[in-house]
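Everything below concerns the one structure shown next.
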Amino acid sequence: MATFEEVSVLGFEEFDKAVKEHEGKTIFAYFSGSKDTEGKSWCPDCVEAEPVIREGLKHVTEDCVFIYCQVGDKPYWKDPNNDFRQKLKITAVPTLLKYGTPQKLVESECCQSSLVEMIFSED
């Protein structure tokens with residue numbers, strides 16, 4: 001059975017560092033609105049998608065790294081010049097992607113278990 005290592009990061013710089021530390025491995029990245037002190041994201045779609053993503057991780061077919069990235073607070077996220085939008089071309093949260101490939105699920109797609117399972121299980 002395939003396994004994954006989970007890395008939780010906050011912000012673009014930590015995300016970039018985590019990607020570099022795991023170079024050469026298959027990386028899945030999940031981008032979510034940051035959580036408050038009670039562990040709840042400001043992004044309702046992210047709250048809805050997280051359990052679907054967690055369930056989907058059970059379907060990974062290769063050893064990989066799962067980076068859970070909190071993108072920051074809502075005002076930062078809405079800034080069109082933030083690094084996630086500029087450097088990674090991420091336009092919405094939640095977003096799940098297979099790093100370095102065109103495979104990406106955005107917003108409501110992250111709540112569809114069949115799509116989530118597919119992204120984790122495709123070669």
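Here the Cβ of each residue, glycine as well, is placed from N, Cα and C on the backbone.
Between C46 and the candidates C43, C64, Swiss-Prot records a disulfide bond only with C43. Within 10 Å of the C-beta of C43 (active site, nucleophile) there are 22 other C-beta atoms, taking all protein chains into account.
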